[in-house]
Amino acid sequence: MSEKTTSSNKSFLNDAANRALIFQIVLLAVVVFVGYYLFSNLQANLSDQGISTGFAFLNQPAGFPVLLHLIDYTEADTYGRAFVVALINTVVISLMGIVLATIIGVIMGLARLSNNWLVARLATVYVETLRNIPLLLQMFFWYFAVLATLPIPKNSIIFGDFFLNKRGIYSPNPITQDGFSVVIAGFILSLVASIALIVWAKKRQTRTGLWFPAYWSSLGIIVVITFLALAVAGFPIEFDLPQKSRFNVTGGMVLPPEFVAVLVALSTYTGAFIAEIVRAGILSVNWGQTEAARSLGLKDSLTQRLIVLPQALRVIIPPLTSQFLNLAKNSSLGAAIAYPELVAVVMGTTLNQTGQAIENIGLCMLVYGTLSLTISVFMNWYNKKMSLTER
Amino acid sequence: MKSNVGKLLSTAAIAATISAGAMAATLDDVKAKGFIQCGVSQGVPGFSNADSDGNWSGIDVDACRATAAAIFGDAQKVKFTPLSAKERFTALQSGEIDVLSRNTTWTYTRDTSLGLDFTAVNFYDGQGFMVRKDLGVTSAMDLDGATVCTEQGTTTELNMADFFRKHKLSYVPVVVQKADEALAAYASGRCDVFTTDKSGLAAHRTKLASPNAHVILDETISKEPLGPVVRHGDNQWKDIVTWAMFVQVNAEEMGITSKNVAKIKSETIDPGVKRLLGVEGDMGAQLGLPADWAYNIIAKVGNYGEVFERNLGSTTPVDLPRGINKLWTEGGVMYAPPVR
């Protein structure tokens, strides 16, 4: 009896799986304990020193202005709303930067492979210059050296109802009137119709091999139906026009130079890296593939689209994801040239006014973590989708 | 998960530094290491500014030097940490510096919720506006619709917003992370107006290409009492920093300067002066300092009037009028409790 118990005990501890489990539990306990100790130590020290803690400040009025806000915001709004404003600014500049950088990168990557000597050399110069100069320096360059050479507001460059000066690009601001919902309905309807058309065209091509210009037709459908809806509703849009005032151009929509400088710097800098990734991806596809496609009688454009690109993308996507993540995080440098993104508004002004460093920095880390993980998840999904086409 | 780990690590780092910094008596720490670690600005002429050899000068620098003179009898036993506006309070809270002397405004929130204590005021300031002369602006009330540049992480942001809201004026805020870049944005024409404390405006104006093309408007839109800050809870250290300042004001009031202090010390019959200079009694012991602590401050750094003239007076590029920073006996608000 006793012998049996001993042997079962022995076998329990000797079992590798059990031991692994025990180590995991011990490790978890240590991590939890250390975390708890650090947290409670922090709490105790902060309250000893009389430093306020907690997130109650998010409901307090902020009192400070923000240069660029895509949702309504005034000084009377809360710190919480200022945080959302900054968050939107960060997300917008990151997403626009990603789209622009990808376009620039693909064009430059292809240009480096061009048979045209001049085009290829220019692309090389672009890549080597931009990826070897620190990004912050490039932002200062665009902001203080390039955009500052624009005229002062008094001597704005005027183009119809558009104004261009040191303080930004001013354009008419469309304001929707009653009946605009008809236009929105028309637009959604045309969108649904286009998707249906594309699905139908694809099915038909698989069945019969006949090709239909579905993308161009759907673009036509969207433009025509939306325009018709506009006409039916009696063009329910009025424009708030920019006008010269004593100091500035007022009214209308304004794109401030801070936004332009950050966007240009981010997308050209990351674009240089993406160009190299695209070039590497395309070169990784064996030349024999192209020759085989040609001997089957495929056009050059179809060869690229159907044979080379799908194979190149498998090489391109993983490093591309890293570049996108870098871009999103690099957007925080915009704080240095007054672009009101997360670091500027939350870790700058809010932190200074409330003095709650840990909460504000924690919020920022949480946001960048979430943003990066979202991009990662999306790109991993896309990567998987591209890999699955392998036969 | 990534962000959680990051948060945990930063919490750990901050917790560790705070617990290390807060507990011990600052005076003992300072005596043990042999110098004061003083947090200053990254360059505001007249307040704290380093020359090309790395020598710091300015009235905020002299506040630290006076404290060093009181403790060590040597005004040079100070090391400086240049800090941006938004780093400064964390640097003090975490114990990285012993005293923050960085043209910092004494406000209610800062005094009560940051775990910090303000000591004495070494400069009474107020926020103002600087504009280009050729704009023809004579009053801040004319600034409706203007674009305003300012540095981030200061009280100026809030004052600016309050001023424009109160007077129902519209404006475009351009808030730049560092003062020098905010000034560069103003200089490049991004803004019509540059706003900060008036002393700062005078100091920054000297950095512009043609200082005379810019004018500081008359309006003062806020109260900005500036002075050194210490951690909350170390009363002895707070008293030392506070009284190092008060001694300088008292010395000016009594007519004691760095040049005549040695003579006065040996010749005076005034019991008040004798107490101050440590000839009679032992005032220093109450602060844990040598008996000649006040003598050393005056001899090594000077009285308040000397400090002001040397750093901000008419012989300097900043050239600030003494204004309300005159002694109370001369119509200003500089008034220090007596040493007795």
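Yeah, the Cβs are placed from backbone N, Cα and C, and that goes for glycine too.
Copied over from TrEMBL:
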TRANSMEM  A:20-39  transmembrane segment
TRANSMEM  A:51-71  transmembrane segment
TRANSMEM  A:83-111  transmembrane segment
DOMAIN    A:87-379  domain 'ABC transmembrane type-1'
TRANSMEM  A:132-152  transmembrane segment
TRANSMEM  A:180-201  transmembrane segment
TRANSMEM  A:213-239  transmembrane segment
TRANSMEM  A:259-278  transmembrane segment
TRANSMEM  A:361-382  transmembrane segment
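Beyond its flanks by at least six residues, the transmembrane segment (A:213-239) meets 161, 172-180, 182-183, 185-187, 189-191, 193-195, 197-198, 200-202 of its own chain at Cβ-Cβ distances under 8 Å.
The stretch in A:132-152, A:180-201, A:259-278, A:361-382 that contributes the largest number of Cβ pairs under 8 Å to the transmembrane segment (A:83-111) is A:259-278. Counting only same-chain residues 6+ beyond the ends of the transmembrane segment (A:132-152), those with a CB under 8 A from a CB of the stretch are 164-166, 257-258, 260-262, 264-266, 268-269, 330, 333-334, 336-337. Long-range neighbours of the transmembrane segment (A:361-382) within the same chain, counting only residues 6 or more positions beyond its ends whose Cβ lies under 8 Å from a Cβ of the stretch, are 83, 87, 90-91, 94, 98, 317, 320-321, 324-325, 328-329, 332, 342-343, 346-347, 351.
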